[in-house]
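Taking it in order: structure first as C-alpha cells, then the write-up.
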C-alpha cells in the first residue's frame, strides 16, 4: 500500500509540472496553526520546493505551530530539513517544571500554564543558532540577513495579547529588537498548557514581576489569528501574492475544491458535537475573508481526522500527515 501511495504521488507531481504555469509567483507564505499536525506542512513544502514555488518567497508568517514552520523557512531550512526536525520532535520533551502536580498547579495560578515552556525556548534557540550562530537573533538582524542573502526570509509571527484583547504581529517593522525566540514562544503558548509570556511596555520579557510592575499577558497566536489569511494584505485588499497553508478536516478539504464556506458537520454523538463546536468557535474567532478570495490563495491540507491535541504522535500518523500535505500541494498546483 505504501509503494502504491508513493507511485501515485510521483505521478501527480509529474502531471502537475505540466498542468500548472511556471509564471505563478508567490512572495508571501503563511501557515495556519494546527497543533501537533504541523508535520503536514513539511509534505506540502516538499512539493512547493520541487516546483520552484519557494524560490520567489520573501516573507513568511504564521500562528502557533505555523509560526514554528515559518521560522524554519525564514532561516533557510529546506523541506527535507524541516521534515526531519518536525518528525523527530518529541513534544513531551518540552513538558518542563518541577513537582508535576504541586508545581504544575502553582505555575498554572502564577503564570497561567502547567509547564514552563523553557525547554521549548531552548530548542528554538538551537534551531536558530544552527543556521546563524546567533541564538538570540532579532527580527532586525534577520531582516539584514535577508537583504544580503536570499536564503533568509523576513518573518512575521502572530500572538494574542490578553491584556489588550487584540492580535499582535511581531516583525522587523513593529518589533525590530525582539529576539525571534520570544515571538515564537508567545505564539506557541497554548492556553493553560505552556505559561503565558509577560512583556513590559518595551516588549522585554518579564520573568519575575515586581509588585506594582506594569506588564501585558500574551499567549498562543492561534487564539485570535489561527488562520492569518490577511497577514500581508494592504488596505483590506486581498494580496494575490500570498499563499496560505491551512489544515482542515477531511470533509472540508474535499468540499473546498468546489464550494465556498464550511462543509456541513454531521453530528450524531457527543464527540462529533464537541468537534463541531470547537471548529465553529475557532473559525468564528478567526474569520477574516470567505469565498473565492480565500479559496484562490489557500492550500487546503486534510488533517486525516487526527486531533490537534498536544501529545505524542505515532510514526504512522506522522507519515499520514506528511503525505496529506503532499497531496494538498499537488492538488493546489494542478
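Placement of Cβ uses the backbone N, Cα and C atoms for every residue, glycine included.
If you check TrEMBL, you get these features:
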type: ACT_SITE; residues: 64; note: active site, nucleophile
type: ACT_SITE; residues: 220; note: active site, proton acceptor
type: DOMAIN; residues: 29-233; note: domain 'PNPLA'
type: MOTIF; residues: 33-38; note: motif 'GXGXXG'
type: MOTIF; residues: 62-66; note: motif 'GXSXG'
Item to complete: Do me a favour and check the Cα-Cα span between the residue listed as 'active site, nucleophile' and the residue listed as 'active site, proton acceptor'; whole Å is fine.
Response: 6
Worksheet item: Sequence gap of 6 or more, C-beta under 8 Å: which same-chain residues meet both conditions with respect to residue 220 (active site, proton acceptor)?
Response: 33, 63, 64, 159, 160, 186, 187, 188, 189, 190, 191
Practice prompt. Using DSSP with the three-state reduction, classify the residue listed as 'active site, nucleophile' as helix, strand or coil.
Written response: coil
Worksheet item: What is the total of other Cβ atoms whose distance to the Cβ of the residue listed as 'active site, nucleophile' is within 10 Å?
Response: 30
Worksheet item: Taking all residues of the motif 'GXSXG' (62-66) together, what is their mean pLDDT?
Response: 96
Worksheet, complete the sentence: DSSP composition of the motif 'GXGXXG' (33-38), residue counts helix/strand/coil, works out to 4 helix, 0 strand, 2 coil
